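Pasting a structure below so you can have a look.
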Amino acid sequence: MEAADYEVLSVREQLFHDRVRECIISILLFATLYILCHIFLTRFKKPAEFTTVDDEDATVNKIALELCTFTLAVALGAVLLLPFSIISNEVLLSLPRNYYIQWLNGSLIHGLWNLVFLFSNLSLVFLMPFAYFFTESEGFAGSRKGVLGRVYETVVMLILLTLLVLGMVWVASAIVDNDKASRESLYDFWEYYLPYLYSCISFLGVLLLLVCTPLGLARMFSVTGKLLVKPRLLEDLEEQLNCSAFEEAALTRRICNPTSCWLPLDMELLHRQVLALQAQRVLLEKRRKASAWQRNLGYPLAMLCLLVLTGLSVLIVAVHILELLIDEAAMPRGMQDAALGQASFSKLGSFGAIIQVVLIFYLMVSSVVGFYSSPLFGSLRPRWHDTSMTQIIGNCVCLLVLSSALPVFSRTLGLTRFDLLGDFGRFNWLGNFYIVFLYNAAFAGLTTLCLVKTFTAAVRAELIRAFGLDRLPLPVSGFPRASRKKQHQ
């Protein structure tokens with residue numbers, strides 16, 4: 001063989017080795033996410049649904065749980081996609097010729113974006129509908145009972161649903177862009193209609209993030225207050241613990257000896273009062289065991305961090321609104337080649353990239369908190385070892401819709417300069433200036449409104465509790481005469 005043939009062969013071998021390495025890394029990453037999601041879901045599932053007398057129902061629920069685990073792993077991968085890309089770019093900038101990070105390149109990042117897009121489509125369009133129909137199916141009338149009969153019914157229902165959704169997508173695409181849609185045929189399902197369907201789902205997810213994130217940003221203060229020990233300047237914990245113990249003992253005596261009182265007792269009300277006192281005593285014990293810095297510094301520092309992150313998010317969005325009016329390059333767009341390691345995606349360098357990653361995770365957590373805090377989706381909130389299979393499927397679908405829209409959401413708000421890779425940048429509505437501008441303005445306005453309304457009331461209430469003014473019998477200052485008249489009467 002000549003030297004040129006050896007060079008061609010070595011290039012082909014290198015490409016083959018790179019491809020195998022990318023596949024191994026992708027499999028290891030997804031396997032790790034899958035194991036974590038499986039452990040997470042097993043903590044919320046109902047054990048009774050998997051240990052029933054009917055082995056058929058238990059088998060169906062196990063199969064549906066594995067499909068939900070796959071979907072939740074894809075959702076977690078979509079959340080980590082943009083932060084992982086930003087961090088990879090900064091690592092390649094800092095260590096451009098390091099031998100041990102040669103595996104971290106643009107081809108790997110681009111492949112991960114394509115895999116997340118593919119698995120998101122697969123989960124939303126096929127796997128989750130299959131899991132729902134599979135758990136609700138009983139087999140066709142007259143057919144043999146068993147898992148196989150349920151599979152046949154589920155496949156038929158899934159085919160009918162696919163035809164219905166495909167027809168709706170074709171009609172919608174023809175209405176929106178009739179010239180282009182008229183040239184497409186059913187043979188272009190994978191290249192045109194499926195990305196168009198995912199574009200609609202992503203737009204729905206972005207709108208859902210627009211509603212849930214401001215609500216979640218306002219709720220994060222109260223949620224953090226429940227998790228941390230709040231400072232109380234004027235309180236005696238020992239006195240409160242003794243009072244709570246005495247009240248609990250008195251109620252317990254009433255429950256154990258109902259005949260000692262000549263009035264009829266509401267046992268259900270007494271049990272609720274005992275449970276409330278026990279919960280209050282647990283909180284007081286937690287406050288007593290907390291250290292001084294936890295009681296006095298932990299909660300204020302956490303509130304300060306939340307306020308800084310929220311204010312920084314609103315400030316970045318406000319600056320991005322001005323950039324949209326001045327520079328066309330601020331519009332979100334996609335790129336086909338991941339040019340990593342050439343320039344930082346933040347003007348502040350690595351520090352700015354870290355801030356971008358922190359803000360992306362913070363907004364995602366806030367959107368999940370706002371999603372479960374909303375009255376419309378509050379019934380989907382998972383409960384520890386008490387979540388039905390239908391609720392698990394609904395939670396996985398909603399979390400996948402939110403997480404798959406996170407890269408588009410972050411780029412639309414200008415939280416990062418990292419352009420969307422692969423099919424994520426093919427969404428038609430991303431190029432519409434009015435949609436992007438109104439979205440940024442609505443996010444900034446809603447977030448500011450929720451914070452001003454919630455934070456001021458929360459600060460006022462916490463200051464009153466911190467100084468112990470809520471336990472003082474203060475008279476109503478606005479109506480002194482009216483109160484005196486009522487006392488005389």
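Just so it is clear, glycine is given a Cβ too, placed from its N, Cα and C backbone atoms.
Copying in the features that Swiss-Prot gives for the protein in this structure:
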REGION    1-59  region 'Interaction with LGB'
REGION    1-76  region 'LCN1-binding'
TOPO_DOM  1-21  topological domain 'Extracellular'
TOPO_DOM  43-66  topological domain 'Cytoplasmic'
TOPO_DOM  88-114  topological domain 'Extracellular'
TOPO_DOM  136-154  topological domain 'Cytoplasmic'
TOPO_DOM  176-196  topological domain 'Extracellular'
TOPO_DOM  218-305  topological domain 'Cytoplasmic'
TOPO_DOM  327-350  topological domain 'Extracellular'
TOPO_DOM  372-388  topological domain 'Cytoplasmic'
TOPO_DOM  410-431  topological domain 'Extracellular'
TOPO_DOM  453-489  topological domain 'Cytoplasmic'
TRANSMEM  22-42  transmembrane segment
TRANSMEM  67-87  transmembrane segment
TRANSMEM  115-135  transmembrane segment
TRANSMEM  155-175  transmembrane segment
TRANSMEM  197-217  transmembrane segment
TRANSMEM  306-326  transmembrane segment
TRANSMEM  351-371  transmembrane segment
TRANSMEM  389-409  transmembrane segment
TRANSMEM  432-452  transmembrane segment
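Map these features onto the structure and tell me what's around them.
Per-residue pLDDT, averaged along the region 'LCN1-binding' (1-76), amounts to 81 for this model.
Listed as Cβ neighbours of the topological domain 'Cytoplasmic' (136-154) (distance under 8 Å, sequence separation of 6 or more from its ends, same chain) are residues 56, 59-60, 130.
Within its own chain, the topological domain 'Cytoplasmic' (372-388) is flanked in space by residues 43-47, 49, 211-212, 215-216, 219, 394-395, 398, which lie at least six positions past its ends and keep a Cβ under 8 Å from the stretch.
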Which residues of the chain, 6 or more past the ends of the transmembrane segment (197-217), have a CB below 8 A from one of its CBs?
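Same-chain contacts beyond the ends: 117, 120-121, 124-125, 165, 169, 172, 310, 313, 363, 365-371, 373-374, 401-402, 404-406, 408-409, 412, 423-424, 426-429, 439, 442-443, 446-447, 449-451.
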Count the CB pairs under 8 A between the transmembrane segment (432-452) and each of 115-135, 306-326, 389-409, then give me the winner.
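When the Cβ pairs under 8 Å are tallied, 306-326 comes out ahead.
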Considering only Cβ pairs under 8 Å, which range in 22-42, 67-87, 115-135, 351-371 makes the most contacts with the transmembrane segment (306-326)?
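Of the candidates 22-42, 67-87, 115-135, 351-371, 351-371 scores highest.
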Any contact between the transmembrane segment (351-371) and the transmembrane segment (67-87), i.e. 3 or more CB pairs below 8 Å with pairs at least 6 residues apart?
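Between the transmembrane segment (67-87) and the transmembrane segment (351-371), which are separate recorded stretches, there is contact, as judged by 3 or more close Cβ pairs.
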Could you give the residue numbers and ranges of same-chain residues that sit at least 6 residues beyond the transmembrane segment (115-135) on either side and whose C-beta is under 8 angstroms from one of its C-beta atoms?
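Apart from its flanks, the transmembrane segment (115-135) reaches 26, 30, 60-61, 63-64, 67-68, 70-71, 74, 77-78, 81, 150-151, 153-154, 157-158, 161-162, 165, 194, 197-198, 201, 389-390, 393, 396-397, 400-401, 404, 422-424.
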How many helix, strand and coil residues does the topological domain 'Cytoplasmic' (372-388) contain under DSSP?
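Helix/strand/coil tally for the topological domain 'Cytoplasmic' (372-388): 5 helix, 1 strand, 11 coil.
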Using a Cβ cut-off under 8 Å, which residues of the same chain at least 6 positions beyond either end of the transmembrane segment (389-409) come close to it?
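Cβ under 8 Å, 6 or more out: 41, 44-46, 49, 61, 64-65, 68, 71-72, 74-76, 78-79, 81-82, 116, 120, 123-124, 128, 131-132, 135, 201-202, 204-206, 208-209, 212, 332, 360, 363-364, 367-368, 371, 377, 380, 382, 420, 424, 427, 430.
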